[in-house]
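Q: Before I ask anything, here is the structure I am working with.
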Amino acid sequence: MTALWIAIAALSALGLLFGLVLGYAARRFEVEEDPVAEQVDEILPQSQCGQCGYPGCRPYAEAVANGEMINKCAPGGEQVMLKLAELLNVEPQPLGSEAAAEPVRQVAYIDEANCIGCTKCIQACPVDAIVGATRAMHTVITDLCTGCDLCVAPCPTDCIEMRPVATTTANWKWDMKTIPVQVIHVEQHA
C-alpha cells in the first residue's frame with residue numbers, strides 16, 4: 001500500500017514541477033500581440049475570404065498595422081476602409097479597383113433542384129451562411145452571406161452562382177454627394 005502512495009506522491013510532484021516549468025516558460029517567452037493589429041482585426045468583417053490577397057482577416061490586419069493599404073477589404077467595402085482610416089489616423093483611400101469602387105453586393109444562390117447535398121459548400125463557407133444536410137438540398141441565408149464567392153468552386157454540380165442583391169428600401173443608401181444640402185454648424189446659426 002505504501003508503494004501506491006509513493007507512486008501517487010511522485011506523480012503529483014512531477015505534475016507540479018512540470019506545471020511550474022510550463023508556467024514560467026509561458027511568462028518568460030510570451031509573445032506580445034500588436035495592439036493596433038488587434039484593433040484592426042476587430043474592425044474587419046472576419047469573412048476570411050482572401051479577396052485582399054491575404055489568407056484571412058488576421059494576416060491582413062497585421063499587414064495593415066505594418067503600413068499596408070487599408071482599401072483591400074472587398075466584403076467590408078467603404079465602411080471598413082473609413083473605420084480603418086480613422087483608427088490609423090491616415091487619409092481614406094479609394095477602394096482597390098473600379099469594381100470595388102461601386103460594389104454591387106452579391107450573395108450566393110443555390111439551384112436547389114440540382115443540389116446533390118454533398119455539403120462541400122457548407123464546409124467552404126467561412127460565415128456559415130449555407131444550411132442543409134447530407135444528401136438533402138442546401139440553401140443560403142442571404143442576410144449572413146458576405147458574397148466572398150468561396151462556395152462556388154467546390155460545388156461538383158455547378159449549382160451555385162453569385163447573384164446581385166436587389167436594391168430595396170431596406171438596403172438602399174443615399175449618395176450624399178449628389179444631394180445639395182448645406183450643413184449649418186450650431187456656432188454659425190446662433
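Numbering starts at 1 and runs along the chain as it is shown here.
Quick reminder: no glycine exception, Cβ is built from N, Cα and C everywhere.
Keep in mind that this is a model prediction, so the values were computed, not measured.
Pulled these from Swiss-Prot:
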- 1-26: region 'Hydrophobic' (REGION)
- 32-90: domain '4Fe-4S' (DOMAIN)
- CYS49, CYS52, CYS57, CYS73: [4Fe-4S] cluster 1 binding site (BINDING)
- 106-135: domain '4Fe-4S ferredoxin-type 1' (DOMAIN)
- CYS115, CYS118, CYS121, CYS155: [4Fe-4S] cluster 2 binding site (BINDING)
- CYS125, CYS145, CYS148, CYS151: [4Fe-4S] cluster 3 binding site (BINDING)
- 136-165: domain '4Fe-4S ferredoxin-type 2' (DOMAIN)
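Looking at the shown structure, can you explain where the listed features end up?
A: Counting residues of the domain '4Fe-4S' (32-90) by DSSP class, helix then strand then coil, yields 30 helix, 0 strand, 29 coil.
For CYS49 ([4Fe-4S] cluster 1 binding site), the count of additional Cβ atoms within 10 Å of its Cβ stands at 20 [all protein chains shown].
Mean model confidence of the domain '4Fe-4S ferredoxin-type 1' (106-135) amounts to 91 (pLDDT, 0 to 100 scale).
DSSP assigns CYS121 ([4Fe-4S] cluster 2 binding site) to a helix in the three-state reduction.
Non-local neighbourhood of CYS145 ([4Fe-4S] cluster 3 binding site): VAL107, ALA108, VAL127, ALA129, each in the same chain, at least six residues away, with C-beta under 8 Å from its C-beta. In the three-state DSSP reading, CYS145 ([4Fe-4S] cluster 3 binding site) counts as coil.
Remark: secondary structure over the domain '4Fe-4S ferredoxin-type 2' (136-165) totals 0 helix, 7 strand, 23 coil, with classes taken from DSSP.
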Q: Please give me the CB contact count at 10 A for CYS148 ([4Fe-4S] cluster 3 binding site), counting all chains in the structure.
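A: Around the Cβ of CYS148 ([4Fe-4S] cluster 3 binding site), 23 other Cβ atoms lie within 10 Å.
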Q: Which one is it: of the binding-site residues CYS121, CYS148, CYS151, CYS155, whose Cα lies the shortest distance from the Cα of CYS49 ([4Fe-4S] cluster 1 binding site)?
A: CYS148
Q: If I restrict to non-local contacts, at least six residues apart, and a C-beta distance under 8 angstroms, what lies near CYS73 ([4Fe-4S] cluster 1 binding site) in its own chain?
A: LEU44, PRO45, GLN51, CYS52, TYR60, VAL80, MET81
Q: With an 8 Å cut-off on Cβ distance to the CYS115, CYS118, CYS121, CYS155 Cβ center, who else from the chain surrounds the [4Fe-4S] cluster 2 site?
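A: So the extra residues in range turn out to be ILE110, ILE116, GLY117, THR119, LYS120, ILE122, HIS138, CYS151, PRO154, PRO156, THR157, CYS159, ILE160.
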